[in-house]
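S.K.: Below you will find the structure I want to go over with you.
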């Protein structure tokens, strides 16, 4: 025997659908066997999916897990390494990996290092393991680790001392910008340092606000990247180990994505998986003629198909003719269902009802917000009637400073751009236009000064700093946790910094009520950034 073949199942589990996941794993294992694979590896917790959250606490989980094992035992003549929930008679619950062949479990590994930071809270559910698992197959010595374990140098060193040749790493590692590259760079050095081959297999797919990019890879013991799977694609991949050369055969990697392309593909996949797995027949959104809704429309159409997307332009007195024209033209180019619904009657009715209560109070943002809420009411009405999911179109910059209207433009079940700064929105729109022969987003949408069009001649910069300045301050404050004085020391205007930070801090209540959206950064407005709504904390200077 000159070589053996490993199958890497870059798998997108349906969280909690244990029977379906197990059946699909059986199908993939059988397909791998047809391709003469000797071993197939699946992601972390692949039987139930990651993160299963409090589904892990359901009393009948163990029974369902045992049923899944019976399904998986049907597979013959190939070794399977897969993730599952291991519950002991003593009541301990582990994040585990099983090695199975011909229906026999050859070994079980319990994850040692349980992450409890950022989006992770595994200590809520699991106990840590302490033993290593090493198995020999086809004359080759394999070790098994699960996700966080590979980042613990002590855990990896302990395993390497057992003379393993290849470490199989099962992962459910969420995406953020730059993370696929970071994994490869860091683990390349580790493989050289410990003189072991690494097979890194990652989950793929969108799950609520998390994105799993896949981006699986194999690194030879000398640091050579032998295989690199595409990002954001569910597929079976194969790699051969040359026994004589003692290395995995080099396969040309998938073309690398630049940052903007990577972000765009991640948002498309996240939107597709959220809509489809939530059971919606399609989506609906307000198409204003502005860049945020234009980009959201493009992502939605790319994710689920233009025939399942409905866009509604809802003009009012302050809506420019340019906006109507651009929205109409984009809808035509993309082939989505499109309609125009005037909101004058709704807003006027609101005004007439409220005027007796307003008395002589001067007009202010209240009247502007009524326009946004009229639009939100229309979208939710259409959603209720036809069963389509409303997509919220706001971006991270606006959400950070509260430049949005509760129960207005914030309505919706999924906020596609929730973790995307406005400056990146522009880059994504330009990128999307390069993907088709005819640009789908009219050029004027990209080049016009942004405006909410809620009052005459309104521009976003009437209320906010220029977006390049705003986003730089926000990134320093949110992603980097820098203090007010540190940000000012970078050269930003003191009053501008104070205003931006004040807006961020006072709008936590709005963000809590917003729809979830895909996480692409290390500090999204979701699981990893949690501040009390009511608090007396003030900037340190």
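Each Cβ is built from the backbone N, Cα and C atoms, and glycine gets one as well.
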S.K.: Which one of 166, 393, 405 goes with 286, 287, 288, 289, 290, 291, 292, 293 at the ATP site, as Swiss-Prot has it?
M.R.: 393
S.K.: According to Swiss-Prot, 117, 179 bind L-glutamine; so which of 127, 173 is the extra one listed there?
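M.R.: Swiss-Prot lists 117, 179 binding L-glutamine, and from 127, 173 it also lists 173.
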S.K.: Hey, which of the recorded positions 111, 179, 510 is the loneliest by Cβ count within 10 Å?
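M.R.: Taking 111, 179, 510 as the recorded positions, the minimal 10 Å Cβ count falls on 179.
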S.K.: Name the residue among the binding-site residues 288, 369, 393 whose Cβ has the smallest number of other Cβ atoms within 10 Å.
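M.R.: The binding-site residues 288, 369, 393 were compared, and 369 has the fewest Cβ atoms within 10 Å.
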S.K.: Determine, to the nearest whole angstrom, how far the Cα atom of residue 173 (L-glutamine binding site) is from the Cα atom of residue 147 (active site, nucleophile).
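M.R.: Distance (Cα to Cα, whole Å): 7 Å.
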S.K.: Here's one to test understanding: among the recorded positions 111, 117, 179, 398, 510, whose C-alpha is closest in space to the C-alpha of residue 288 (ATP binding site)?
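M.R.: Going through 111, 117, 179, 398, 510 one by one, the Cα closest to that of residue 288 (ATP binding site) is 398.
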S.K.: Does anything in the same chain, at least 6 positions from residue 147 (active site, nucleophile), have a Cβ under 8 Å from its Cβ, and if so what?
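M.R.: Looking at Cβ-Cβ distances below 8 Å from residue 147 (active site, nucleophile), excluding near sequence neighbours, one finds 44, 111, 115, 169, 170, 171, 172, 173.
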S.K.: Determine the mean pLDDT over the domain 'CN hydrolase' (4-243), rounding to the nearest whole number.
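M.R.: Here the mean pLDDT over the domain 'CN hydrolase' (4-243) amounts to 96.
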